[in-house]
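Colleague: Questions regarding the structure given below will be posed in turn.
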Amino acid sequence: IGVLGSGDFARSLAIRLVCSGFKVVVGSRNPKRKAGLFPSAAEVTFQADAVKKTDVIFVAVFREHYSTLCDLADVLAGKILVDVSNNTEINHHKESNAEYLASLFPACTVVKGFNVVSAWTLQSGARDGNKQVLICSNNQEAKRIVAEIAQVMGFTPVDMGCMSSACEIENIPLRLLPAWKIPIFLALGLFLCFFTYNLIRQVIHPYIREQKNKLYKIPIEVVNTTLPCVAYVMLSLVYLPGVLAACSQLYYGTKYRRFPDWLDQWLQHRKQIGLLSFFCAALHAVYSLCLPMRRSHRYQLIEMAVKQAVEKKMNIWVEEEVWRMEIYISVGIIALGLLSLLAITSLPSIANSLNWREFSFIQSTLGFIALVISTLHTLTYGWSRAFDENQYKFYLPPTYTLTLLVPCTVILAKIIFSLPCIQHRLLRIRRGWEKGRYVKFVLPSTTGEYSSGETSSNV
């Protein structure tokens, strides 16, 4: 196998090919200077000599340097050229690099592939990176040959069709977390809303009403009050679109009616929303552990001790508060543990080891249990303080009462859907039953002939 180029990717590609048992010939414009960069088992020679000795050639040069290979057009005729290049911007050129290479060498067969694999993955092996190699070409035989090479190297070839798919394949490595944009903006929006709300209650209200400076609460306490709100609401938003989808199917009596685009996008982003929920919950746990480490907290403890000594109180133990905090922390730990399990099983390497029933049980059933336990965590935090008028700053209710709206709606809907009458109807719809669908039937007549008719599937 030939490799044209002597850059980082060409070097990593040659190493992987040699380790996979191939004989590699590297074509370079300065073979003497570049020979030391490649494994000793690879032959480093001039480009023309490398082309003559091989039938499958990896073109590991930039698009701008394709023209330098035009002098080799006669020698390259009939060869298979594998274009591994990428652009610096999405849709930077009107045509893909592979199509441009094919136009320069019409006598060659061009295959697009290996551009989504990094040089690090090539050196470390498929176990440390993305195992998929996307391949496209107008020649089926050439695709088959390149796919076999990818399999021998330890990768999984994926046929992406004809050469017109090359542009899409080249855009894949340039995208920066395309599935995460909406969930991240959603999390940031929720964080800003809850942070502003808590800032008003915990910092601005004491300053206006009591002239107390509480700005020191912003870095830790206000943020720590905001994070669980975001995590809790984001977790409920993972299961809310499923409720809306079920309502749509029950209303229209079919599963074949397309969901609105916004609901379809929402359903597709549930994994990212759930992982961001876990991220905020984990940060909340870390912030909570750091609360006693603050200097302000130490001052407050000393102040309480002095106040107790002055008032000559020997015991300030409140049984109800002790139990509330014990239950609150215990339930929160369980909720965080379930969220961790959901996050771990969403990783491709873990999810691929589970069958569909196991994956659905963890993500759906245990996820809903995590939502219920998180609700208990929030309720035990609020306890009876939701009915204390001192908790309403500027007549604003406590933050945790606002966060209960969406999760409680989801839990109530799930309970309603679990009723036998509704659950049975929803199960029938998801198995293909449709409301108002007419099916043809054939009945034998008394004369031995058959008569046809129609009836509603409702009957």
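Cβ coordinates come from backbone N, Cα and C, glycine included.
Because TrEMBL annotations are produced automatically, they should be read as predictions rather than curated entries.
Annotations for this protein, taken from TrEMBL, read as follows:
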DOMAIN    1-87  domain 'Pyrroline-5-carboxylate reductase catalytic N-terminal'
DOMAIN    230-372  domain 'Ferric oxidoreductase'
TRANSMEM  182-200  transmembrane segment
TRANSMEM  230-252  transmembrane segment
TRANSMEM  273-294  transmembrane segment
TRANSMEM  327-347  transmembrane segment
TRANSMEM  359-380  transmembrane segment
TRANSMEM  400-422  transmembrane segment
Colleague: Could you give me the DSSP helix, strand and coil counts for the domain 'Ferric oxidoreductase' (230-372)?
Modeller: 119 helix, 0 strand, 24 coil
Colleague: For the transmembrane segment (359-380), could you work out the same-chain residues 6 or more beyond its ends whose Cβ comes under 8 Å from its Cβ atoms?
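Modeller: Non-local partners: 228, 231-232, 235-236, 238-239, 274, 324, 327-328, 331-332, 334-335, 338-339, 341-342, 345-346, 351, 400, 403-404, 407-408, 410-411, 414.
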Colleague: For the transmembrane segment (182-200), name the stretch out of 273-294, 327-347, 400-422 with the most CB-CB pairs under 8 Å.
Modeller: 273-294
Colleague: When secondary structure is assigned with DSSP, how many helix, strand and coil residues does the domain 'Pyrroline-5-carboxylate reductase catalytic N-terminal' (1-87) contain?
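Modeller: The domain 'Pyrroline-5-carboxylate reductase catalytic N-terminal' (1-87) comes out at 40 helix, 19 strand, 28 coil.
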Colleague: Any residues 6+ beyond the ends of the transmembrane segment (400-422) with a Cβ under 8 Å from its own?
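Modeller: The answer is 197, 228-229, 232-233, 235-237, 239-240, 243, 246-247, 250, 368, 371-372, 374-375, 378-379, 381-382, 386.
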Colleague: How does the model score the domain 'Pyrroline-5-carboxylate reductase catalytic N-terminal' (1-87) in terms of mean pLDDT?
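Modeller: Value for the domain 'Pyrroline-5-carboxylate reductase catalytic N-terminal' (1-87), mean pLDDT as a whole number: 94.
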